[in-house]
Ligand code: 5GP
Ligand code: MG
């Protein structure tokens, strides 16, 4: 009954700072370094002498705060902020975060990264119970749950509510008195704590935001933890003991910035190791050059080149002023976006046998476009090497890979994909290769990683999405699940 839509899927960036007179300014800088996590909307809520104030809008953080008076107005020594990535249809101002609520006894602001898998049923129950929602975003669900909780303190209400929402999430919340950071029971999505030289605490989706503003890394917020910051400092509590660490592998492969560390593992280093492993698993002997696809596959391409001994070259140039292709709501616009974004360097690739390393193939649009570009520029052969396994299953925990039918690897075999993108050869990194390259030191069953898109194993369950997902499975997906 729940359509396998992408409407509620979002991958975003969250930020918070407590105890610095330039809180909103620092949030603005922090959000700049999280901008790769979402470019469709942004906002900041600050708190000054018990008063919470908001400014948010559609667009990049620099566009939202084009008028710097809007930033100055957000006074106070504490603030939270958000950059939003959404998919088609849901890109309206009501969905831009942080959300700010004024209740008779409480002011509270919230922002959220990830996707809940039981938001629709929770929301339906809440609506039947009289709740009224302002947005189509599932972020609001948590606030309703908190308000309805019968527990005595706000902390206990939040903890109880966090136990009711399922999926991949991080939340940053702020009231007049406290700031909170919460991570889902699988730590699917990252959230870290830092500290400024003046003692101010910072929370951010990625360590790159902490580094940018000059804060020291303190610790990760781990699976099932709730961080609480107030005048007494930082406390970490667990809201559930029922945790299984499975960090989204896609954070390492594609989403996070290379200078970030997730669970202590640097993202660039992980990607470079994936590239090296790929060169071992799928060697190219007679190629002239290795090239990457700016920006997300450059680390992996450099690893492939280093391991294989084939020279690393700059075969593609990215126009840095065009947004990420996924951002376009329709396939036509995505293709146009992809066209404007990349150019082949003729003088480099002409007459060459090229190894083109990309981080992933989702729909196949990018690879097919790039092979064409390289061949038009005179490349003799183009061998595509992908530094992740085939993306065969949708993701429901907050990464925009949500329809089986859209995934090329759910519809075609590897030789068929190779032909459809026009490559001379194609291979992917193995699942073991990926896990070992990232090298998290966690135990089974998940080795610390969520590999859902590669193996169809959903560590946080599917809830509202299950029926529709099962009904829409492709033959290739089913066969792969049977171990075929
Ligand atoms: P395709 O063109 O095959 O649909 O997408 C593959 C390209 O999208 C790759 O170059 C990769 O860098 C990028 N990509 C992979 N996963 C994601 C994702 O979850 N979100 C966005 N925005 N881009 C992605
Ligand atoms: Mg890419």
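Start at 1 and count along the chain as shown; that gives each residue its number.
Including glycine, each Cβ sits where the backbone N, Cα and C put it.
Here TrEMBL has 358, 359 binding Mg(2+), and the candidate from 296, 420, 425, 427 in that same listed site is 296. Looking at the domain 'Glutamine amidotransferase type-2' (12-232) alone, the prediction's average pLDDT is 95. Here the Cα atom of residue 12 (active site, nucleophile) is found 17 Å from that of residue 296 (Mg(2+) binding site).
Other residues of the same chain near the Mg(2+) site, with their Cβ within 8 Å of the Cβ centroid of 296, 358, 359, are 253, 254, 292, 293, 297, 300, 357, 360, 386, 387. Sequence-distant contacts (6 or more apart, same chain, Cβ under 8 Å) of residue 358 (Mg(2+) binding site) comprise 292, 293, 297, 300, 366, 367, 370, 384, 385, 386, 387.
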